[in-house]
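Taken straight from TrEMBL:
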- C:21-42: transmembrane segment (TRANSMEM)
- C:63-428: domain 'Ammonium transporter AmtB-like' (DOMAIN)
- C:65-86: transmembrane segment (TRANSMEM)
- C:93-114: transmembrane segment (TRANSMEM)
- C:134-153: transmembrane segment (TRANSMEM)
- C:160-179: transmembrane segment (TRANSMEM)
- C:191-209: transmembrane segment (TRANSMEM)
- C:221-240: transmembrane segment (TRANSMEM)
- C:260-280: transmembrane segment (TRANSMEM)
- C:313-333: transmembrane segment (TRANSMEM)
- C:404-425: transmembrane segment (TRANSMEM)
Amino acid sequence: MDRPRHQGMAKNTYMRWRLPLVCLLWEVAMIVLFGVFVRFGAEADAHWEEEKREMNLTSDIENDFYFRYPSFQDVHVMIFVGFGFLMTFLKRYGFGAVGFNFLLAAFGIQWALLMQGWFHSFKDGKILIGVENLINADFCVGSVCIAFGAILGKTSPIQLLVMTLFQVTLFSVNEYILLNLLHVKDAGGSMTIHTFGAYFGLTVTRILYRPNLEQSKDKQGSVYHSDLFAMIGTLYLWMYWPSFNSAISDHGDAQHRSAINTYCSLAACVLTTMAFSSMLQKKGKLDMVHIQNATLAGGVAVGTSAEMMLTPYGSLIVGSISGIVSTVGYVYFTPFLESRLHIQDTCGIHNLHAMPGLIGGIVGAITAAVATEDVYGKEGFIKAFDFTGVYQTRTPSIQGGFQAAGIVVSLLMAFAGGAIVGGILKLPVWGDAAAENCFEDGVYWEVPEDEESDVYHMHNPDKAAAP
Amino acid sequence: MDRPRHQGMAKNTYMRWRLPLVCLLWEVAMIVLFGVFVRFGAEADAHWEEEKREMNLTSDIENDFYFRYPSFQDVHVMIFVGFGFLMTFLKRYGFGAVGFNFLLAAFGIQWALLMQGWFHSFKDGKILIGVENLINADFCVGSVCIAFGAILGKTSPIQLLVMTLFQVTLFSVNEYILLNLLHVKDAGGSMTIHTFGAYFGLTVTRILYRPNLEQSKDKQGSVYHSDLFAMIGTLYLWMYWPSFNSAISDHGDAQHRSAINTYCSLAACVLTTMAFSSMLQKKGKLDMVHIQNATLAGGVAVGTSAEMMLTPYGSLIVGSISGIVSTVGYVYFTPFLESRLHIQDTCGIHNLHAMPGLIGGIVGAITAAVATEDVYGKEGFIKAFDFTGVYQTRTPSIQGGFQAAGIVVSLLMAFAGGAIVGGILKLPVWGDAAAENCFEDGVYWEVPEDEESDVYHMHNPDKAAAP
Amino acid sequence: MDRPRHQGMAKNTYMRWRLPLVCLLWEVAMIVLFGVFVRFGAEADAHWEEEKREMNLTSDIENDFYFRYPSFQDVHVMIFVGFGFLMTFLKRYGFGAVGFNFLLAAFGIQWALLMQGWFHSFKDGKILIGVENLINADFCVGSVCIAFGAILGKTSPIQLLVMTLFQVTLFSVNEYILLNLLHVKDAGGSMTIHTFGAYFGLTVTRILYRPNLEQSKDKQGSVYHSDLFAMIGTLYLWMYWPSFNSAISDHGDAQHRSAINTYCSLAACVLTTMAFSSMLQKKGKLDMVHIQNATLAGGVAVGTSAEMMLTPYGSLIVGSISGIVSTVGYVYFTPFLESRLHIQDTCGIHNLHAMPGLIGGIVGAITAAVATEDVYGKEGFIKAFDFTGVYQTRTPSIQGGFQAAGIVVSLLMAFAGGAIVGGILKLPVWGDAAAENCFEDGVYWEVPEDEESDVYHMHNPDKAAAP
């Protein structure tokens, strides 16, 4: 940076005391709260042998760990490598993409273990955790990673941590309303993760609107190798999405079915994305932005219904539609949102998560509404929708109505929460960069001097010797 | 591109209507066929609770999902990241490598679910699918990814889709002949996947011979970072190959044994590859082409025999030999094939898949032929080779003969099929690029303007300011 | 390379006969030894059906394969992609980082199967192997990958193979002393893998001290994209560390608990690393070196105690501390070690493995010492520490003492072994490069000519045409 600009930046973006303070205070708070509240669940506790006897389990393989740990690891990869590398497409923001995603997710999972724990795993004053809690914490943080996509390159790490704190909290409340109060099914999180996360992020970026962002327009694009790094993220998200949608489904057929439906939906989505990517451009060439993102819409769009009897052909239909909607979104909606609604959506999460999330919620509501005992079997029907206890008398069509209500609640929470959090993030104390320094790692990172010419000379000294 | 060349290209390679049409028609066909034929198998269907009772299963953990899903995900990574990134070694064809591989595999798995379903999972007019079908679909598409390696950089995406359509069909027929008619064992696909896929691809590239390909010779090499991207593909293929070879083996010891044999074979293969890579060059330096490819030959070469009692030392021997053969192939055979037989094999699949695949088939035949009840145990012997029903009287040496026949059938199918499909792909309607534009992403992709100098200046404004 | 320098190099670093000879002799030795000693264990042998009956197992799912294979694959990824890519941060040593790591690990796992097999799986003159042996071989080699980090860029591949041979041997002896003689718990290898591996490597690099290393100082840094490649390694190590620490723990609660503790520790570690990375620099900017490395210290530091009742908040504390120690180490200790103690530690393994490994050993000793039947349950207590047979009377505090002794033994083995092996590697016959050629792939690898300018011209012919 030339000196004057650097000094200008320094005023705003100097992180030396603010960032460490936030991180350390936060970690101390986590330690205290974990100390007070968090303990091992029965299947991770050393009393497991006794537990096994009580539950009449004959083998250690019945431990939930063996049902869910492989899926957990896939989800874990999606959150850290998937989302992290997906966002490295920017030519000069790779450190921020993968590094800040790392920071906010590591920060968020701790808070999510607590928040979700209080709502769902609280017993005798303690939060009892097991592998399912780890998956849910990753899921919760996934919604923050989505929102991060909208504001990528325009916010300071402190803003991201503040957003994470609030978003995880709101996510947990919204999730509680949907799953516990409305008794809604949403194992892959079309509503709780994608719809909520995306509209939350879009609202935040609307509030943080930067009128002069074209000053850093030159850095908003990709270079050849940054597009390849991003494809690492894309492919891991795409490949492991069947694990994502099935990770917390019921043991047995539900996990199995979720994986198959998601696999089918994603395969179809790739074809319609490629078709529309080529069709919507004069030159008919494929656009990496679409391939990197819209191919994933099929996973989002079956998030709610994958564990239901959506059927493989139903999955193909949903996947096909979501690929089209998402690609069309990148070509037409994103520019419209920016120019007319002042929503600057760096990664196009509106196309990858918001619209497909809505589709997912709607498809879930319909699939639930048309469910019959004939299709599911008597036992399967009750098990699939948990029509037990107070929900014994719920009919599929009523369930469909509640599912639809879940979409509305998620949207309201996202807009209201996003507006409030956006307002907080607008305060001039968080150290975000000036418009001309957006999308530039040098603001918050020590960036190596790319003395490329020197490298080449080292390598080709004959050339270097030439005048 | 300068204008005149671009106009020349546009005549040939304009994809705007052709590619979308093929993709969309295809996806509609898939939806219809899936709607008519594909349903969930018993272990993924909501009737699973009843199924469990009928089959006397006491726990959900007995669902095939838990036996095979982790291996499935590893195989999935191999197909999409493994093959995709392995082919990014070309300096200007990374988008095509990873993107077209993504396209053809997503296209192919849908068709493979149908084709293989009709042959193997057809019951009462329906194809019943479960996790094993997903693995098999990935396997089938793996053979297309292999063939893609031979024609990488020289074909249009439409050609790839047409090839996928036919190759998946032929693969399924060949697989049916081998597994069902000849009753051959080939869990890791040395014959069905590698031998068939590679000779199919080599035949296709022979038919598509381009005499002027040296016009794009400058783009056939790698650059420093493209070689590192390719190593991502190599390592994921290498690490997950034990899962590949064990994914559809029988539950229990067979899966366990396959993984161990493959692990051993691959480890040995790395050492002999490194040895010969250094030995065969005057300067004694290691060549990344060998490390990226020949290190994998050990996985191919135990594809048939890994689930048999090949034993760890047998695996070391097979792995060692295949590493040597493959590396020697890269140094001597590939140039020979190109100059004498006019087989232009971009990725050297002859060395990585064809020859090791043949070795794998032969080793499998021998290992089967020498099997004894002593080594396998009475029950293990019958189970390992499915010597039940009409095959009750088959002896190991007869089995060995059938295994050898399986190699021959696979070769014949590959040559005949490759010749026909190559002929179809030679028609001048598919939009392939001119020789001088081969190995260049710009033909089919929007490629970002690499204003590298600007990037550096942004980053080092002091320098930029210098005159 | 300019000619005079190249000739100078050729004298030293010509690998053509030495490297192949070592690799091939070694592989032949492996084949012979495997032929004599290595057989399938009961769960991978075709006699499994009989074994199942004898052990009263009702299902194939009880095969150890299904308990450990997913974790094994995660560990496998850590060794080959994790360590391999973590070390690609150097601007001109990516091939060496990922390629030599590949070579030494493939070499080492074969020898480790034998060495560890003789100590732990030897029965009636045969080594009986299963998936747990594969994990342990990967673990053993992990300690060599760690030591490689200290000497990265300064050694020939032959030196690495020689070091691997000796280090695997010493590792196995040390492991035997700890696990069998001292009856110490160390499932995640804080002592056996990290403390031993790191101090061994540091001793070796001390012996190999190069006074003129500043001659290649210009190549010791990173470039923008090499830092992103390194983040692939970092994230895979970080994400899969819960699998690493739980891979060989007892079935059931112990595996489950290890994963949770490690997950918590790592999450906390990221926050304190980010905090101190920013705090310890005048400009307050984050340093990729810290993010790439110190974030992983939390996994190392709970390696011994993760399977114990460390509890989630205990894990947060340990992770927080280790992130701080590690980051401080990079800023203050590494320069000190180099300037005062002449320890040139390329990757800073002292900060990532040595100090956190010691912390891990100590935390393990304390956690064992304070264990009570109340916390573990009567059965859980005995099972967790294997207080059976001759160890029936061991108390927690005595166990803590033995754990502490394990640290001391590991340190002594590391120093003594490292000194001897360092002395051997100092012999002038192994072909290491001159100081000015360190950290340069061109010495041992065919490196593609990066005619970058040509690439850009191809791509932007208009520009190329400009004068």
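Each Cβ is built from the backbone N, Cα and C atoms, and glycine gets one as well.
Comparison of C:160-179, C:221-240, C:260-280, C:313-333 by number of C-beta pairs under 8 angstroms to the transmembrane segment (C:404-425) places C:160-179 first. Using a Cβ-Cβ cut-off under 8 Å and counting only residues 6 or more beyond its ends in the same chain, the transmembrane segment (C:260-280) has close neighbours at 188, 238, 241-242, 244-246, 286-287, 290-291, 294-299, 301-302, 305-307, 310-312, 314-324, 326-328, 331. Counted over residue pairs 6 or more apart, the CB atoms of the transmembrane segment (C:134-153) and the transmembrane segment (C:191-209) come under 8 Å in at least three pairs, which marks the two as touching.
Counting same-chain residues at least six beyond the ends of the transmembrane segment (C:65-86), those with a Cβ under 8 angstroms from any Cβ of the stretch are 43-44, 97-98, 101-102, 105, 130-132, 134-135, 138-139, 141-142, 145-146, 148-149, 229-230, 232-234, 236-237, 240-241, 243-244, 246-248, 251, 255, 292-293, 347. Under 8 Å from some Cβ of the transmembrane segment (C:160-179) lie the Cβ atoms of residues 22-23, 26, 100, 103-104, 107-108, 111-112, 115-116, 118-120, 140-141, 143-144, 147-148, 151, 186, 191-193, 196-197, 200, 204, 406, 409-410, 413, 417, 420-421, 424-425, 430, all in the same chain and six or more residues away from its ends. When averaged over the domain 'Ammonium transporter AmtB-like' (C:63-428), pLDDT in the model lands at 97.
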